Amino acid sequence: MTLFPCRQLCAALLAMSLSAAVLAAERPRIGLVLGGGGARGLSHIGVLKVLEEARVPVDCVVGTSMGALVAGSYATGRSPAELEEKVKAAPWDELLKGVVARSTSSYQSKRESEMNMAIEVGLNNGKVQLPESAISTQGIEFFLRDLSRRVSANSFDDLPTPYRAIATDLVSGDMVVMKDGDLVSAMLGSMAVPGVFPPVERQGRLLVDGGLVRNVPVDIARDLCADVIIAVNVGTQPLKREELRNIFNIADQYTRLMMEQNVKPQLASLGERDVLISPELGELSSTDFDKSVQLIARGEVAARGALTQLSRYSLTPEDYARWQARRSERQVPVQAIQDVRISPQKWVNPAVVTSRIDVTPGAPLDVPALEGRLREIMGTGDFSQVNYQLEQGERGQRLTVQPVEKSWGPNYLGLGLNFATDFDRWTTGGVTAQYRRTWLNELGGEFRVLGQLGNNLNAHAEWFQPLFVDKTLFVAPYAGYRNIDEYAWLHDSNVATYQNVTRYAGVDIGSLVTDYGAELRVGPVMHTYSSKVTVGAPWLPSQHISDYGVQLQLYYDQLDDYFFPTHGAMLHLEGYQSMGGTEGYESYNRFGGSTRWAFGHGDTAGYVKLAGMVAGGNLPAAELASLGGFMNLSSYHVNQLVGEEMYYGGLNLYHSTPYGYLGLMLEGGQVGGVPSTADFYGDSLRWSAMLYWGAKSFLGPVYVGFAYGDNGRGKLYFNLGQPY
């Protein structure tokens with residue numbers, strides 16, 4: 001009696017299985033096509049959510065540009081809800097800046113940010129070379145690795161949902177259909193907008209945005225699997241005649257028309273069984289990544305508007321559950337690393353990369369640790385990208401690290417601009433330029449020349465020679481020249497202008513402590529000082545002396561931003577002991593420094609700044625400490641308070657708005673050991689308060705501020721570039 005019911009049960013299960021198989025065979029295979037459109041492509045996630053709610057299965061998915069990103073992530077088995085969560089939580093501003101976090105940047109890069117080096121170009125073979133793109137995709141790549149589950153497959157047909165991505169061959173202009181290999185490099189190649197993101201080297205071809213050749217690749221989906229197409233078009237429409245009023249709109253129209261020409265025939269090929277979804281995105285642009293909530297919602301609205309057509313392909317709850325289960329079963333397992341390869345470089349010593357890559361073959365890949373190391377390598381400043389690819393091998397995954405040297409190196413020219421005025425008696429400005437020749441030898445020897453041309457003249461040349469490739473120990477001979485005009489003040493009257501000229505040369509022995517963003521230097525140095533009156537009473541004292549001694553410097557910098565930090569700290573300490581010089585001139589010593597501690601919460605941040613200097617002996621005029629000027633006891637004239645001792649404390653608070661920063665700065669300071677020619681009341685405690693507006697621009701930080709202090713004076717400032 002037990003055998004017969006068992007046979008019945010088996011027969012019933014077999015019948016159900018055959019029924020499901022027949023149903024799957026009879027229903028049309030559905031191909032989903034996700035078009036390109038930058039940030040507008042985030043609306044694809046809203047469409048996926050509705051397809052899931054309506055129980056519409058997707059048998060294959062094809063995408064271009066941002067559509068390739070969403071399609072590829074979905075193809076790995078991600079649910080629409082997971083995609084939505086990841087996209088909403090993504091720090092898009094940080095990802096699209098394409099820069100390494102300042103805390104992991106090299107010490108040299110941090111100093112360049114202090115000097116407001118806004119532009120870097122190459123100088124090679126007598127020609128100026130520009131960077132190949134405006135934005136590095138370093139951060140975007142790591143985000144995509146997480147979004148796509150770090151999957152690799154010999155064929156994209158083996159993914160939970162078969163997938164294709166479309167790119168353009170930058171050399172030939174041909175369409176490239178990517179169907180195997182590293183998944184993330186396929187996504188990046190499809191979305192590499194020329195001039196914005198760098199081209200992607202993949203399988204011997206140089207790839208850029210697929211929207212140039214097939215922005216809505218309907219035909220590719222038909223070839224892959226589809227009986228029925230669900231196409232989502234998020235591209236921008238051509239501008240109307242009345243909107244073509246300037247060169248930017250006309251250039252934009254050129255791109256729109258080019259894409260429109262390849263979209264039209266694809267949409268025209270759609271038949272009665274196919275479904276076209278075109279979200280109403282209106283004012284939302286291709287750069288509105290921070291508006292992911294609205295974009296996803298618009299995609300949902302558009303898909304719900306097409307539910308009548310979509311419902312023709314809905315499965316029963318039971319059949320859809322079985323389809324989802326089969327999709328989950330196809331998920332590609334993440335395997336251990338089989339071997340590690342590092343792409344060769346032209347001029348950078350490979351040890352820079354190999355010494356930092358700590359991956360054990362046969363062990364699971366520690367992705368956060370690997371990506372942290374790659375950020376450190378990127379932070380050296382030698383590379384425009386440090387990518388990695390995962391490929392499926394016979395016994396596991398193959399990890400290939402691909403450091404991409406800056407195409408405009410190894411000779412670099414950095415340029416910066418500074419201008420400031422108090423709309424009263426002081427205006428200054430100038431151009432800062434720095435030339436660097438990197439990797440002169442296998443240890444990373446580097447020649448640097450820094451010059452500032454404007455109201456003041458500065459020049460500094462240095463040979464930076466590491467003794468080890470990790471730069472833990474180095475030698476740096478240097479020489480320089482400074483020509484600075486200083487005002488001498490009595491009360492609020494400018495009684496004279498001094499020209500302070502300093503010539504110096506020395507040799508430092510130092511160490512870079514990369515884990516802490518610190519540099520320590522010590523070494524002998526010799527100076528020649530000349531101070532003379534150029535404007536004012538000729539009877540005022542002048543000075544011409546030489547000396548030599550030992551100098552010690554320590555720099556520590558972990559601020560996340562030099563001008564508007566939200567966390568981190570910075571410390572600069574400097575000491576000097578004179579050991580001899582001009583006959584009859586008393587030797588001296590000085591010790592000084594400054595520090596900043598940053599903090600932040602939400603849109604409000606700030607920092608506390610402390611600075612000071614003490615000296616013993618007869619300090620040269622050019623080495624005197626001073627207070628006064630923008631963000632340096634702002635209600636006082638520039639360098640109005642001068643002395644051999646200086647103490648300063650400041651609190652800078654700023655609130656981020658869509659139009660820049662609104663800030664308040666409170667300052668207090670005092671100088672001591674005041675020279676007889678200086679402002680006689682400088683040796684008492686002084687204070688200042690300033691309200692200001694600030695913003696970041698492509699030329700550097702911009703400030704407009706009004707200060708008032710205990711001297712009863714108000715001061716209005718405009719400042720572009722380095723304020724302190």
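Glycine residues also receive a Cβ, built from the backbone N, Cα and C atoms like all the rest.
The annotation signal peptide is assigned in TrEMBL to 1-24.
Mean pLDDT of the predicted structure over the domain 'PNPLA' (32-222): 90. Annotation comment: TrEMBL describes 32-222 as domain 'PNPLA'.
Taken from TrEMBL, the feature motif 'GXGXXG' applies to 36-41.
What TrEMBL lists as motif 'GXSXG' is 63-67. Away from its own ends, the motif 'GXSXG' (63-67) comes close to residues 33-42, 44, 163-166, 190-191, 193, 209-211, 214-217, 232, 234 of its chain (Cβ-Cβ under 8 Å, at least six residues beyond either end).
Here TrEMBL flags SER65 as active site, nucleophile. Here SER65 (active site, nucleophile) comes close to GLY35, GLY36, GLY37, GLY38, GLY41, SER190, MET191, VAL193, ASP209, GLY210, GLY211, ASN215: these same-chain residues lie at least six apart in sequence, with C-beta atoms under 8 angstroms from its C-beta. DSSP classifies SER65 (active site, nucleophile) as coil under the three-state reduction.
According to DSSP, ASP209 (active site, proton acceptor) sits within a strand segment. Residues annotated as active site, proton acceptor in TrEMBL: ASP209.
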Cβ atoms near ASP209 (active site, proton acceptor) (within 10 Å, other residues, all chains): 28
Helix, strand and coil counts within the motif 'GXGXXG' (36-41) (DSSP): 4 helix, 0 strand, 2 coil
